[in-house]
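S.K.: Take a look at what Swiss-Prot says about it:
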- 1-22: signal peptide (SIGNAL)
- Cys54-Cys65: disulfide bond (DISULFID)
- Asn103: N-linked glycosylation site (CARBOHYD)
- Cys104-Cys112: disulfide bond (DISULFID)
- Cys114-Cys132: disulfide bond (DISULFID)
- Cys180-Cys194: disulfide bond (DISULFID)
- Cys182-Cys189: disulfide bond (DISULFID)
- Ser186: O-palmitoleoyl serine (LIPID)
- Cys256-Cys294: disulfide bond (DISULFID)
- Asn259: N-linked glycosylation site (CARBOHYD)
- Cys272-Cys287: disulfide bond (DISULFID)
- Cys291-Cys333: disulfide bond (DISULFID)
- Cys309-Cys324: disulfide bond (DISULFID)
- Cys311-Cys321: disulfide bond (DISULFID)
- Cys316-Cys317: disulfide bond (DISULFID)
Amino acid sequence: MFLSKPSVYICLFTCVLQLSHSWSVNNFLMTGPKAYLIYSSSVAAGAQSGIEECKYQFAWDRWNCPERALQLSSHGGLRSANRETAFVHAISSAGVMYTLTRNCSLGDFDNCGCDDSRNGQLGGQGWLWGGCSDNVGFGEAISKQFVDALETGQDARAAMNLHNNEAGRKAVKGTMKRTCKCHGVSGSCTTQTCWLQLPEFREVGAHLKEKYHAALKVDLLQGAGNSAAGRGAIADTFRSISTRELVHLEDSPDYCLENKTLGLLGTEGRECLRRGRALGRWERRSCRRLCGDCGLAVEERRAETVSSCNCKFHWCCAVRCEQCRRRVTKYFCSRAERPRGGAAHKPGRKP
């Protein structure tokens, strides 16, 4: 007997977002509608890319996308309804849609190909739609059925999660790139044909990180929705907010501090960055953000690293390298005595 679609989706996504890297889709999707099983590996890969992007975007934040945050299932994991939960839902939804769209364009699915629905139509002054646009409509439709099926409730929390799932999909569509090819005599560009391509997924992650910082707090009772009137009020409230924006119901906790009840480790012991030509402003200020503003000192530790260097190709056919040792300095947040005049942590500061 086949499982119902929602049951299959819930099984799939709950298992995909476990942090063990040894999972296999085939282990938990042995049955189900065959029409949807063909997408399961793409959904798994998309969910994993969302996890990795979350960790990248928040690597130097007080909340750094910890393992317990990476389950979308309401059966345990994301108990809070704060802006971090909003981001996890959005980036996971975006990752699934992005991967399905990309794999469609690569020809991985027999029932999907380029989006040429607008080919030949005037797109703007001097250019027409043409070529092979990535089929985001397909990726959006399939990912919506997989991801949104996790939400079986009708309360404010479920509405929030569905809204942020949609914001993730909108982020993929909103960051698509227009690529054009010139046509004309002797290399002139009299007219152009253009198509839409997916950006690097890193751009989608950066876009959603900006939305995270601007996330809107919705003032609703989370238990609302048990009555027709309550559900109507929730629906009206969320309809008034653009689906391009992230929303949350609760304020974030103080991520500086350890909180075993919430599963928060605090920032003590976290590594931070101070120097490096390639560092951006956010990374260079990580010691202040993770340590100083949390009432911790910055501890300097020296370590020796070993890496391959002076590699040479020898005919035929081997590459031989030397092992070079290098002393490096790393910085960590420590409970050690702070220098005089250091700022004390102020609870409730923005994470």
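For all residues, glycine too, the Cβ spot is worked out from N, Cα and C.
Could you place these features in context, so I can see how deep they sit and what lies close by?
M.R.: Neighbour density for Cys54 (disulfide bond): within 10 A of its CB lie 25 other CB atoms from the protein chains shown.
The number of other Cβ atoms within 10 Å of the Cβ belonging to Asn103 (N-linked glycosylation site), over all protein chains shown, comes to 19.
DSSP gives Cys104 (disulfide bond) a helix state. The Cβ of Cys104 (disulfide bond) lies under 8 Å from the Cβ of Cys112, Gly113, Asp134, Asn135, Phe138, Gly139, each of these being in the same chain and 6 or more residues away along the sequence.
Take the CB of Cys114 (disulfide bond) and look out to 10 A: across all protein chains shown you find 15 other CB atoms. Reduced to three states, the DSSP call for Cys114 (disulfide bond) is coil.
Sequence-distant neighbours of Cys180 (disulfide bond) (same chain, 6+ residues apart, CB-CB distance under 8 A): Trp127, Gln192, Thr193, Cys194, Trp195.
Remark: Cys182 (disulfide bond) has Ser188, Cys189, Thr190, Thr191, Gln192 as non-local neighbours, by Cβ distance under 8 Å and separation of at least 6 in sequence. According to DSSP, Cys182 (disulfide bond) is assigned to a strand segment.
Residues within less than 8 Å, Cβ to Cβ, of Ser186 (O-palmitoleoyl serine) and separated from it by at least 6 positions along the same chain comprise none.
Neighbour count (other Cβ atoms within 10 Å of the Cβ, all protein chains): 24 for Cys256 (disulfide bond). Under the three-state DSSP scheme, Cys256 (disulfide bond) falls in the coil class.
Under a cutoff of 8 A between CB atoms, and with a sequence separation of 6+ in the same chain, the neighbours of Cys272 (disulfide bond) are Trp60, Ser286, Cys287, Arg289, Leu290, Cys291, Val298, Tyr331, Phe332, Cys333.
Summarising the environment of Cys291 (disulfide bond), the number of other Cβ atoms within 10 Å of its Cβ, over all protein chains shown, is 25.
The Cβ neighbour count for Cys309 (disulfide bond), using a 10 Å radius and every protein chain shown, is 11.
Around the Cβ of Cys321 (disulfide bond), the number of neighbouring Cβ atoms within 10 Å comes to 11.
Secondary structure at Cys317 (disulfide bond), as computed by DSSP, is coil.
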S.K.: What residue among the disulfide-bonded residues Cys132, Cys287, Cys324 has the most other CB atoms lying within 10 A of its CB?
M.R.: Cys287
S.K.: In angstrom units, rounded to an integer, how far apart are the Cα atoms of Cys311 (disulfide bond) and Cys324 (disulfide bond)?
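M.R.: Between the Cα atoms of Cys311 (disulfide bond) and Cys324 (disulfide bond), the distance comes to 11 Å.
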S.K.: Calculate the distance in Å between the alpha carbons (Cα) of Asn259 (N-linked glycosylation site) and Cys309 (disulfide bond), and round it to a whole number.
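M.R.: Cα to Cα, Asn259 (N-linked glycosylation site) and Cys309 (disulfide bond) are separated by 44 Å.
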S.K.: When DSSP states are folded down to helix, strand and coil, where does Cys132 (disulfide bond) land?
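M.R.: In the DSSP reduction, Cys132 (disulfide bond) maps to coil.
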S.K.: Cys321 (disulfide bond): which of the recorded positions Cys65, Asn103, Cys114, Cys132, Cys294, Cys309 have a C-alpha within 10 angstroms of it?
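M.R.: Candidates kept after distance check: Cys309.
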S.K.: Return only the integer: C-alpha distance in Å from Cys65 (disulfide bond) to Cys256 (disulfide bond).
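M.R.: Cys256 (disulfide bond) has its Cα 14 Å from the Cα of Cys65 (disulfide bond).
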S.K.: Considering Cα atoms only, can you say which of Cys256, Cys294, Cys317 is the nearest neighbour of Cys54 (disulfide bond) among these disulfide-bonded residues?
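M.R.: Minimum Cα distance from Cys54 (disulfide bond) across Cys256, Cys294, Cys317 lands on Cys256.
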